[in-house]
């Protein structure tokens, strides 16, 4: 058996870079036990902003002095770069099985947010209310749960590991979904919808970290694309099934079907999902070696040596600090939150718009959401087709082959044109009762633009905040969920006041104004990231 000294070896540079990059999304704080206050907002102009680049993770590299580790025989690390216990070295079937199951869970949670939308008129009738605010809030309150969940679940995953968060969250999700099906009044339904979102936020909050734990840099793009489809495609697909189900069996059966589906997925998760969090795995290894060797001084390479309460509180505060003090994080989060809110704005009103203006039945109106979903799929295809090519071309042309976060921006220029165009088409063609395929084309174009912007902004945040990418993404996710929850609350009232044409035009004008953000970030983003005034102490 290898001694504890063997676990202090510095891995080869290439593998170490990959590990540092792979643990960035949700484990950035775990490499800084001797440097708890680090400037993270900026990387200088010469640094490659891609995860895994040594200059990009300079703070983490400094905190983990390899020479110091070699001098300390009590540091427990992986058994070299090929250690089979390292999730990045798992067999392909095990690795991609985890990715597949996690992606399915991540798809199901947003699916549940909107699958209920076509049944809202039935709920209002059953509970004897005609309050339009309650109609949209029943959908929105779930998103508020998704906004609150990451603030608690992400820090807990750093203390207890990722897989336990998934399993416990899945079981609680089933319980609260059943409670929704059994609700006897509107307040009860709203409360349990919120709890469903709260406990279901785990895959969205920490799923990116699991993907990063499992995959190498070469594999990560494909895995992240598959996983990221869930939060974007799920809300668009849900109402398709929900429409026919509510028409045939009633709105309560939507929740029964969700509970049954979640039960099957939970069983699959228990059978397939395994812990990938490096801090948790190395801590387990440390405890085992302490028992085997009797050396109580052994400690994990990733052990922060701080109280769990301190780590928990620090992790909760970090996203808020980035959102408030970093202009890059704030601007991108607001931009992505606004366009993401358009999904739920449309979802919460499609039923009323197409039933009132085109006479669609509950079952048929669910098919309307397919247009938005197709737009999302086309957006992923376009992003994958042009994103990496543009980034490589700009890096070769402008920076001697070294990528920068700003090179993620160009695809958003296309998206910034698609969103207002789609909103104008959708709003005015519905206003004048143009054949239903035309407004759906507008919804498709808007969905395509929404998808491209969300993927591009997430990639920018990961590249720019490499060490604390998880916190930057958490900040963006929370703001995005808040926008997604609140926009539907005034959707119907805005349509009643302005009409469908001018109501959607107002949103389109805001999107046009925000179109200035991408070029400004492309030309001035690096300057903002490196400016001393905007360095954030975390």
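Glycine is treated like the rest: Cβ placed from N, Cα and C.
The feature compositional bias 'Basic and acidic residues' is assigned by Swiss-Prot to 1-12, 20-35, 65-74. Residues or ranges marked as region 'Disordered' by Swiss-Prot: 1-35, 65-90. Annotation comment: Swiss-Prot describes 100-120, 134-154, 163-183, 194-214, 225-245, 253-273, 327-347, 362-382, 409-429, 436-456, 482-502, 505-525 as transmembrane segment, evidence class sequence analysis.
Where the transmembrane segment (163-183) meets the stretches 194-214, 253-273, 362-382, the count of C-beta pairs under 8 angstroms peaks at 253-273. Contact check: the transmembrane segment (253-273) against the transmembrane segment (436-456) gives fewer than three Cβ pairs closer than 8 Å, residues 6 or more apart, which falls short of the contact criterion. Highest Cβ pair count under 8 Å relative to the transmembrane segment (505-525), across stretches 134-154, 194-214, 225-245, 409-429: 409-429. Only sequence-distant pairs (6 or more apart) were considered; of these, at least three Cβ pairs between the transmembrane segment (327-347) and the transmembrane segment (436-456) are under 8 A, so the stretches are in contact. Long-range neighbours of the transmembrane segment (225-245) within the same chain, counting only residues 6 or more positions beyond its ends whose Cβ lies under 8 Å from a Cβ of the stretch, are 99-100, 102-103, 105-119, 203-204, 207-208, 211, 253-254, 257, 343-344, 347, 350-351, 362-370, 372-373, 375-377, 379-380, 384, 447, 450-451, 454-455, 458. Sequence-distant contacts of the transmembrane segment (194-214) (same chain, at least 6 residues past either end, Cβ-Cβ under 8 Å): 21-27, 87-88, 90, 95, 98-99, 102-103, 105-106, 109-110, 112-113, 141-150, 153-154, 157, 162, 165-166, 168-169, 172-173, 176-177, 179-180, 220, 223-224, 227, 230-231, 276-278, 470, 473-474, 477. Through the fold, the transmembrane segment (409-429) approaches residues 339, 342, 346, 375, 379, 382-383, 386-387, 390, 394, 438-439, 441-453, 456-457, 460, 500-505, 507-509, 511-512, 514-515, 518-519, 521-522, 525 of its own chain, all at least 6 residues removed from its boundaries and within a Cβ separation under 8 Å. Same-chain residues lying 6+ beyond the ends of the transmembrane segment (100-120) with a Cβ under 8 Å from its Cβ atoms: 135, 138-139, 142-143, 146, 166, 170, 173, 177, 193, 196-197, 200-201, 203-204, 207, 210-211, 226-227, 229-239, 241-243, 245-247, 250-251, 254-255, 258, 261-262, 265, 268-269, 272-273, 344, 347-348, 350-351, 362, 365-366, 369.
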